[in-house]
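Accompanying notes for the structure given below.
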Amino acid sequence: MAGKRKARDEEFIFTLSDEETPYINGGDFDEEDDDVAPSINKSKNTKTLKSRVEPSSKKRRNEESTTGHQNKKLKQQEQGQQKGLKGKRAIANGWDAENDSNGSGEDEEEEEDEEGEEGLLDSDFEFDIGGATNIGLVEEFDGWGAEDRDKQGNMGEAKKGVDLDEILCRRRQKKLESQEKKTREAAKSNVDDSFEGLSDDDGHNEDENEDNEMPNFDDDELLAPDAFGMGAEGESDEQGKANADKGSDDESMPDANGADEEDASDSDSVASPVAHPDDLRSDESSDSEEEDPEEVAKRNAFFAPEENPTKSEETSSNSTFQNFNLSRPILRGLAAVGFSAPTPIQRKAIPVGLLGKDLVGGAVTGSGKTAAFIIPILERLLYRPRKVPTSRVAILMPTRELAVQCYNVATKLATYTDITFCQLVGGFSLREQENVLKQRPDVIIATPGRFIDHMRNSASFTVDTLEILVLDEADRMLEDGFADELNEILNTIPKSRQTMLFSATMTDSVDKLIRVGLNRPVRLMVDSKKHTVGTLVQEFVRLRPGREGKRMGYLVLLCNTIYTNRVIVFFRQKKEAHRARIIFGLLGLKAAELHGSMSQEQRINAVEAFRDGKVPFLLATDLASRGLDIKGVESVINYEAPQSHEIYLHRVGRTARAGRSGRACTIAAEPDRKVVKAAVKAGRAQGAKIVSRVVDPAVADEWASKVEEMQAEIEDILKEEKEEKQLAQAEMQVKRGQNLIKHGSEIMARPKRTWFETEREKREAKKRALSELNGPDSVIKKEKRKLSGKEKKKLDDNRLREEGKIWKKGKKERESKGDMRSQGKGKAKKDKVKAKKAAR
């Protein structure tokens, strides 16, 4: 009996019943989970398995462990003898093995003591909701990860730009050396002079230090509403604003609901208020924005009828992504990025996108529009035929940074699928992009220019198989700057496709949308196109007439005292952003610039430096105003108001994203009145918080004077930078010549790259794009001609306002001066007569 029982024990095989199966990732492993299984904590599972083993099996396991240790001891001794080791060393190995066996026995005894606590929950146990632990949850994901950046490929055509920080560092070092030299010379002169006491210069320096102390803006939130742009609701507000403009030039703003008491008194003879021309224009534009019945009829005929779900359906049915019946790899990708619940635009757009319908979507900035079109695209691509790789989706973006960001978000969401991506962006290597296109990626994310370049010049790129077209920031893509390129793409790709358009300021013009080739699109407008986020505070700093030249002083003051961290400053022109970058560097403020004159490597490095917190300020043009999603942007400053209210909405939308709070400050002068009034009117209609920030003009003048003193140094830096650029270009030309000599035949054998426009048409398109961003005045070149009397008087008046009031001669001074001249002439004649007589 004992022999049979022993044989049965040896033949016994451990099995786990259904009840004993450990709960891993919500259930049994599927084929899709094979790559996740190894990452599970094995120690806890083995511990639970040991607690479920029968006592008879434990005895057999102890016997096996002892025999195993004895065999191990014999093997070690044999190995030691074969290698010619000494006997002592072999015995020592045996003792180690025995000690190990004793230790293992003690561990097993401890495990037997723990068997009584089967029902207790392990203190180290953590619930894994959705398998986020095993798939690597990314917190605060914003599409600018370093891992994805490494996979994007080398920038084969990257140009090494001039390092402005190096120039500023050299100049700072020279200045420090000169100051040290002066101090040493001054110390020597003080040693030579046996003068004791306090010098006048020292006292003067102390006074200057006291004057230069910055005020403390403790009450910066207790702000008064401004008459500038604040009177956007009625005629009484307009009158109050007109009366406020006639007041003193003090920077404090009167109340927008009425004028000062002195101006409002009936006894004073006050002229009838006259509206500002910009206010009249803005009123006309607001009237024109009212819906035209003909346009409404066109819209109703063009768009598909909207389905209005009930509130209960909106709240209950689509509260989570699981309710959209998405595939498991997509849900795992959403969990990895940290998306838990869909936003309003995602709740509306995902079901329509899954049905394959054309749609036009609009929502406020930071509401998740990118995921709203990527999620249905990925879900549809999971059911594609896989025998022949084919490019099926094209996503077009207006800027390179936005395309790179969308590429990173899409690849992260598709981590657990076999969907392939490619980004066609300027600044990256053409050859590497062509090699990727040869593999026929499923999704192509591109800017229009590079997309057309490959479409015309790359033999490996075909657009005949495209099934889905997405235009992100569609209102910008439909403007004149991109009109020609977009028409070229739309005329080439197949007409039978799904088209999706998204933007925060989506246009309602049917004439523009017809160009895209939409087929009864579904219109999904979650928010009004003129609205901002509710968590955004909009602030305005007014510059009085004649103080426009002090604008940089106001900006430096705000960046030094109020907005000191995670700030994006927007400029209209590249040269202004670059000049501000130099001024910030000279004042010791760390900043990065972002505009179109920089190389692609410099642009990405600037965004990364700001994102990682290496620099607190990002000085950018409208290149960064659309779509750029950087976590933690606290404030946005408009150096001057943009050309239109739509551009203003995109600029201020870089902060207060995804439910966070933020502030937007605009430094506004008289030319900016129209945009400011439109922003205030839309904000008040929405119920947003709008305030006017009061800035001490004396302190702003001090900073402006500091900037004026640096003008000569700024010009020297610009000159040095220009010389370094010329040297770099000369080196590049030399390398180009060397390559032509070495590989001339190969280079000449390459087919010439073609474009659908001539150089003249390119220049015209560029002018149209500039006029869209900065207005028609930015394109018109002023001809050199003689100024008329009115123009001279206008220039003189502007100069007098900037310089301030100066003394002028009156009638008495002119008359007295004339008398003195006549007296002087008579005296001179008498002196001449006397001299002649004396000579005779």
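Glycine is no exception: its Cβ is also placed from the backbone N, Cα and C atoms.
Within the set 319-347, 435-463, 580-608, the record from Swiss-Prot flags 319-347 under the feature motif 'Q motif'. As annotated in Swiss-Prot, motif 'DEAD box' covers the listed stretch 472-475 rather than the other ranges in 356-359, 472-475, 624-627. Residue with the densest Cβ environment among the binding-site residues Gly366, Gly368: Gly366, by other Cβ atoms within 10 Å. Listed in sequence order, the residues Thr343, Ile345, Ala504, Arg657 complete the 8 Å Cβ shell around the ATP site centroid, once Ala363, Val364, Thr365, Gly366, Ser367, Gly368, Lys369, Thr370 themselves are left out. Cβ neighbours within 10 Å of Ala363 (ATP binding site), excluding its own Cβ and spanning all shown chains: 25. Applying DSSP to the motif 'Q motif' (319-347) sorts its residues as follows: 18 helix, 0 strand, 11 coil. DSSP places the residues of the motif 'DEAD box' (472-475) in helix, strand and coil in these numbers: 2 helix, 1 strand, 1 coil. The Cβ of Thr365 (ATP binding site) lies under 8 Å from the Cβ of Ala504, Thr532, Val533, Leu649, His650, Val652, Gly653, Arg654, Arg657, each on the same chain and at least six residues away in sequence.
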